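First up is the structure itself, then whatever we jot down about it.
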Amino acid sequence: MDPDAVKSTLSNLAFGNVMAAAARNYQKEILANEKAQGSNPVNEEVDLDELMDDPELERLHADRIAALKREVEKREAFKRQGHGEYREVSEGDFLGEVTRSEKVICHFYHKEFYRCKIMDKHLKTLAPRHVDTKFIKVDAENAPFFVTKLAIKTLPCVVLFSKGIAMDRLVGFQDLGTKDDFTTNKLENVLVKKGMLSKKKKEEDEEDAEYQESIRRSVRSSENLDSDSD
């Protein structure tokens, strides 16, 4: 059996799950509209098979699947650039890291400072949520050149880079209520307002997570089939 054909078939099955879910949502919307307008009996049913054969609905499904595929490809490209995780970089790698990505959040920290550890915790949580932004940290003690160049005098200091240029910064917890117990959502909202993060709807996050899991299941299944065929 051709492994590529198997993978293609499994991917199509995964996409089929998304299509079926969209059809069910569409069915619910039609029933709700009919009930509100009172134009049809409340107990009138919609044939799901007919919905699945509807050319307009199929076009909507195809458009949604294409959009999801583009999003996955974009995420993979970001991950190849080091996005999706909170990483420590050296002074020697710092310049390359901040110039290769459009948006970069860099935490200059000291390993003994308690507040730096608090900032670490929140940035580590945000990094996988916002793959389009790179999250890195630099040990200020080991990066004297850039600490001086960027005039960093208080830690933690989170410098916000756009296209390689330091556009803004968070000094200590001044923008976060000056207290240690701020939430990750508080930090996220501040970074959204500063243009470093894109605020996503909860529904979009859940849908993307479901789609990603479908793809992972398909890949694992195809790998198992390849192993069996060997």
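Every residue, even glycine, has its Cβ placed from backbone N, Cα and C.
Taken straight from TrEMBL:
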DOMAIN    89-175  domain 'Thioredoxin'
REGION    198-230  region 'Disordered'
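Look at the domain 'Thioredoxin' (89-175): DSSP puts its residues at 33 helix, 26 strand, 28 coil. Taken as a whole, the domain 'Thioredoxin' (89-175) shows an average pLDDT of 96 in this prediction.
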